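Trainee: Pulled these from TrEMBL:
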- 217: active site, schiff-base intermediate with substrate (ACT_SITE)
- 271: active site, schiff-base intermediate with substrate (ACT_SITE)
- 256: Mg(2+) binding site (BINDING)
- 1-21: region 'Disordered' (REGION)
Ligand code: PBG
């Protein structure tokens with residue numbers, strides 16, 4: 001056949017009407033209709049699965065945008081209270097606030113973390129007074145408060161010191177719990193901090209304050225936008241590889257979780273989220289305790305920026321990514337998409 005003949009209008013392809021294939025099982029039958037797809041669906045995403053991380057700033061401006069996280073703003077305390085009211089209306093169970101601390105208040109040992117009247121403690125009191133029914137999960141770690149941006153105390157030769165840091169974390173956790181935080185979430189990856197914080201809380205009579213441990217937290221490139229949001233990107237000296245986990249490891253994550261459970265963690269977290277679903281799955285399968293994932297700032301930015309650039313359908317990608325956490329066995333997800341997802345799920349009901 002000549003090239004010209006090939007380019008001419010080809011005959012319409014013949015759909016064979018002949019004998020059906022001899023298949024006893026046709027997987028597509030259950031996928032044929034919406035009602036059937038809904039009926040066989042194995043996992044569901046609900047508002048109860050969402051924990052909303054938000055950023056606080058001491059500012060007269062209600063909101064200041066985070067440039068690397070389009071759609072996410074740092075909030076004044078008043079604005080955070082309004083968002084907490086909105087979250088409660090939407091049925092979001094809990095918020096996870098993080099502070100942008102005035103650089104003038106940062107020092108090498110993160111002293112401001114222990115201040116019972118710091119931005120976080122004031123926000124916790126204000127939110128609890130206005131919206132007592134919403135859960136407040138507050139981070140214990142020193143990075144927003146240290147001049148070098150590390151989660152712990154740094155020695156003169158640049159090492160991050162474990163045991164002195166744990167002592168400060170205990171005082172930070174106590175200040176937050178006394179301000180009204182429901183759950184302390186240590187994200188620092190120091191050894192022994194869960195036991196020490198549990199003991200500190202118990203000794204203060206705060207036996208009902210929960211602990212959600214960032215048990216398997218990896219030294220990840222996906223935290224970039226978060227460090228913009230809390231203002232540690234420019235100041236961070238070096239990296240966090242001497243305390244956060246190596247992305248190559250999973251057995252080590254199991255050991256971390258096992259130790260934190262033994263020390264008294266009520267719930268555990270894996271972080272980041274989507275690239276670490278194997279870890280989520282293995283943690284849930286091994287221990288069966290409440291297991292959460294943090295869909296971190298870089299994951300949010302990837303989806304949101306790709307959507308804004310027209311490369312993907314943002315709403316579908318957001319919902320798909322969150323469903324995948326459920327499929328992997330997570331009980332819930334910390335996600336910056338929380339209010340948007342809650343609005344969509346509420347409208348669908
Ligand atoms: C630090 C902390 C980090 C995040 C939560 N707590 C960043 C880090 O370890 O540098 C990251 C969250 C995100 O990227 O969304 N204690």
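Just so you know, the numbers here start at 1 and follow the chain as drawn.
Glycine too: its Cβ is placed from the backbone N, Cα and C atoms.
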Trainee: Between residue 271 (active site, schiff-base intermediate with substrate) and residue 217 (active site, schiff-base intermediate with substrate), how far is it from one CA atom to the other, in Å?
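Mentor: Residue 271 (active site, schiff-base intermediate with substrate) to residue 217 (active site, schiff-base intermediate with substrate), Cα-Cα distance: 5 Å.
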Trainee: Sequence gap of 6 or more, Cβ distance under 8 Å: name the residues on the same chain that satisfy this around the residue listed as 'Mg(2+) binding site', in order along the sequence.
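Mentor: Looking at Cβ-Cβ distances below 8 Å from the residue listed as 'Mg(2+) binding site', excluding near sequence neighbours, one finds 215, 216, 245.
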Trainee: Select the most exposed residue of 217, 271, where exposure means the fewest other Cβ atoms within 10 Å, treating these as the active-site residues.
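Mentor: It is 271 that, of the active-site residues 217, 271, has the fewest other Cβ atoms within 10 Å.
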Trainee: Quick one: what's DSSP say for residue 271 (active site, schiff-base intermediate with substrate), helix, strand or coil?
Mentor: strand
